[in-house]
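These features come from Swiss-Prot:
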- Cys441: active site, nucleophile (ACT_SITE)
- His752: active site, proton acceptor (ACT_SITE)
- 170-294: domain 'Rhodanese' (DOMAIN)
- 432-794: domain 'USP' (DOMAIN)
Amino acid sequence: MLEHNSKLFCKSLSQLSAVASKVVAEDVEGEHFKQLLAKCIDTLSIYKSELRKLSCASKDTPPSQIYQLNETLYVYYKIVSQIASQVIPGLAEFQQIKMNSKKDSKDKELLEIYSRLVSALANDKQIGEVKRFIKNHSEEAAHDGTQHSYENGEFVSISQLHSLIRHDNDSSGILLVDIRPRMDFNDGHIKHNNVICIEPISFKESYTDSDILRKSLITASDREVDLFKNRDKFRLIVLYTDTDEHTKYYWQQLEVLQDILCNRSFDKPLHHTKVIVLQNGVNAWKEKYPMELKKIMESAISDIRTKPVEHNFHPMALSNNNNIEKANSPSHSQTTSFTHYPDAPFLTNGASIKTAGLVPNQLLPSTSNLTKALQQNDEGNSEPYKLQPNGIKNHRQESNNHANGTNCIVSSNGNNSVAKSGHPSINLDFAIGLVNLGNSCYLNCIIQCLLGCHELSYIFLTNSYRKHVNVNSRLGSKGLLANYFSQLVQKMYQQGKLQAYNNTNMESTAVHPTQFKLACGSINSLFKGKQQQDCQEFCQFLLDGLHEDLNQCGTNPPLKELSPEAEKMRETMPMRIASAIEWERYLTTDFSVIVDLFQGQYASQLRCKICAHTSTTYQAFSVLSVPVPRARSCTIYDCFKEFTKLETLEKDELWYCPYCKQRQPSTKQIIITRLPNNLIIHLKRFDNMMNKNNVFVNYPNELDLTGFWIDDYNGEMPKDNGVSLPLRGQKPPFNYRLFAVASHSGTLYGGHYTSFVDKGRVGWCSFDDVSWRKIRRKDEYITPNAYVLFYRRVNM
């Protein structure tokens, strides 16, 4: 505490930090890990005791005592923080314990105590108030700040930062960290050579500096990543954000990041780097120095995110011709190789819907082309190529076809097999076990099954998915899930090759999916702990998450509801046409390779038994859940019959008919309107009370679902429609071949998941966590325990 002209001041943060540093230097020399931990715990206990004294202070407490308490608190906290973040990590003993894979119980206990200590420091809410009090009650620096010895957490004014940047001649002394969404950063940030963006949503209090590097900079450029890697080389790190009323969360996250850098920098402790904060934020900077802002042009960030692009497609007229155009029509020959990713379809702000909202005014590129582009775009193949969307012809073809009366539904090649020109050195039928992390067999079995889909494996093995990560997708994880899934797939591939080459022990080469599971848990807390989960729920979560990360239309506004007039007209159409229109609408907000590979569509139709009017809703699906009839045995076809059977709604289930204007007896039916390229069937064995139906469902290796696909097109087309509708692979027959089975034994909470996967030339294999083997009999994968079935479409 200082006194100047009879006025009390706190010592500055730098002075108090110097006191703490002196204590640490004199008091901890030569001490071991355990002794240092004991010293930290004792000091932290005193710190807590002093906090209680401060909280009990009243209006009558002398100011000098308040000042002294705050100074004491800061010194005690700083002592513990310096020992935990600088002294202990520098101990050879500590590093040896950390690196030792066979830790004894004492070492584990010490590391656990250390972890709790670091957590207590990181989660301390009072130290921020203490720092603010000291800053507000210490003498201000009289100069402009360029020579000022800053301390961690200190505020710097707009003018001071401007002066600091001007005097940073070699651009190596200051690193600016913009804590706002990347779109805001791209729209305008403080002009400086060394500036990075760390989005507020990308980190949390429990992170360390290495977590920031691994998890929070996914959307950053290589330049930004390099700057953060060299953060300890800068004299100052300046944090800034927005300070508007609606951005309070950003400011909270700024304080979290400040704490991480100051107190949780274990990978690269900031011994000589100070972390300071821009007062009043970037808003005030814009007002005072509008010319000192920098924007990032879209072309410069195209490798980070995919921007929506408006397509100048020429809509084709709908015709009343009775014949649907054949898929092998010469006028629809498909380009078989793409070397550039197709642009994302974009729903413009002024997008209109033809015929009272029935047909989008733009058709989207074929999603199967998206898959092929991903599969064939290797790292060395970056030559631009203008994509001709499948199902959309050029203007000359349009005019000719219109004159010749070509048809409403335009064909689209539905073959989504891996390109024959695929990477010859990649064996997509690799096999490797996955370690059970504690009831994580639900995760292991789904991963094994999904990797039976070669298209999916190829995309994530070759990193071609990266070009389609949309970090601005509203429901995505900013690429987090996709990146960790790719890392897991690549690790499995590498270990599978190693095991096959060296014929090594399965347990020693099995992959630990730890980081991937952590990523899943950070997105959905359901998968965070070690409780058993439903594997089909995890399958749905994973496919949905990957879709949102790769969703090229993830930033488009949600679809508007149809007007009553449009709904009424939709009900008069053949369901084949209405469902195609609805699918095109759906693709304006959901367009990804996952949609192409796995998503289908069904209609739920209500029909009034009095007036016969209908109301139909269309639903996309990635996993199709079908009921299992209660019988001694049944076939998969019985499940589909149960799924699509006509139900009668009476008594307590009366439907409110909008035409009769009252509740009426009605019928309800599910109708499959679109079958995907890879069909995932969930056998609903558990009822609402979690009781399991163990009936044996006989499912074939070859499955024909043509009879369950709606085919009511009669050639009668709605009038005044201006756009042709692509088939997008919806052309019978719909024949499927089984490629994987997830099986479940026991109850939902006390059971175990295993899987069977068709590994091509190797044949069918059984996977049980770390263990895998070839099947012992040819039909072993036809099991009474089958829970989720994976089929791929053939002969398209």
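Numbers run from 1 along the shown chain.
Each Cβ is built from the backbone N, Cα and C atoms, and glycine gets one as well.
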Counts by DSSP class (helix H/G/I, strand E/B, coil) across the domain 'Rhodanese' (170-294): 55 helix, 22 strand, 48 coil
Among Cys441, His752, the most crowded of the active-site residues [Cβ within 10 Å]: Cys441
Residue pair Cys441 (active site, nucleophile), His752 (active site, proton acceptor) - Cα distance, angstrom, rounded: 7
DSSP state at the residue listed as 'active site, proton acceptor', helix/strand/coil: strand
